[in-house]
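These notes are about the structure you will find just below.
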Amino acid sequence: MKILLLTLVVVTIVCLDLAYTRTCYRTHPYKPETCPPGQNLCYKKSWCDAFCSSRGKVIELGCTAKCPTVKHGKDINCCATDNCNTVANWKSR
């Protein structure tokens, strides 16, 4: 009986853990969305384009399975909590 109860507890914990999904902000539209299975990190990528001096940096937000490789001229931040990739002063459009 104890073994059966222990087995049920373990199965319950595993099932609850597998069902969890991360939520991250996405760029278009700027709102939190549930990430696809296996993508448990949020990222914020920013860089300058031709309009950087007038509009500021281009910002891309989303979910990822692993943090993208940093490329020259791009800033990348990854985090592992829900909605951790926010951008200050952005409003939903």
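Keep in mind that glycine also has a Cβ here, set from the backbone N, Cα and C atoms.
Quantities reported herein were computed from a predicted structural model and do not represent experimental measurements.
Sequence annotations record features per position, and here Swiss-Prot assigns signal peptide to 1-21.
The DSSP secondary structure for Cys42 (disulfide bond) is strand. Per Swiss-Prot, the feature disulfide bond maps to Cys24-Cys42 (among others); the stated evidence is similarity to another entry.
The secondary structure of Cys63 (disulfide bond), as reduced to three states from DSSP, is extended strand. The feature disulfide bond is assigned by Swiss-Prot to Cys35-Cys63 (among others).
What Swiss-Prot lists as disulfide bond is Cys48-Cys52 (among others), and the listing cites similarity to another entry. A sphere of 10 angstroms centred on the C-beta of Cys48 (disulfide bond) encloses 14 other C-beta atoms.
The feature disulfide bond is assigned by Swiss-Prot to Cys67-Cys78 (among others), with similarity to another entry given as support. Summarising the environment of Cys67 (disulfide bond), the number of other Cβ atoms within 10 Å of its Cβ, over all protein chains shown, is 14.
Sequence annotations record features per position, and here Swiss-Prot assigns disulfide bond to Cys79-Cys84 (among others). Its own atom aside, the Cβ of Cys84 (disulfide bond) has 17 Cβ atoms within 10 angstroms in the protein chains shown.
In this structure, the disulfide-bonded residues under consideration are Cys24, Cys35, Cys63, Cys78, and the one with the smallest number of other Cβ atoms within 10 Å of its Cβ is Cys78. Among the disulfide-bonded residues listed (Cys35, Cys52, Cys63), Cys63 has its Cα nearest to the Cα of Cys78 (disulfide bond). Candidate disulfide-bonded residues: Cys42, Cys52, Cys79. Fewest other C-beta atoms within 10 angstroms, Cys52.
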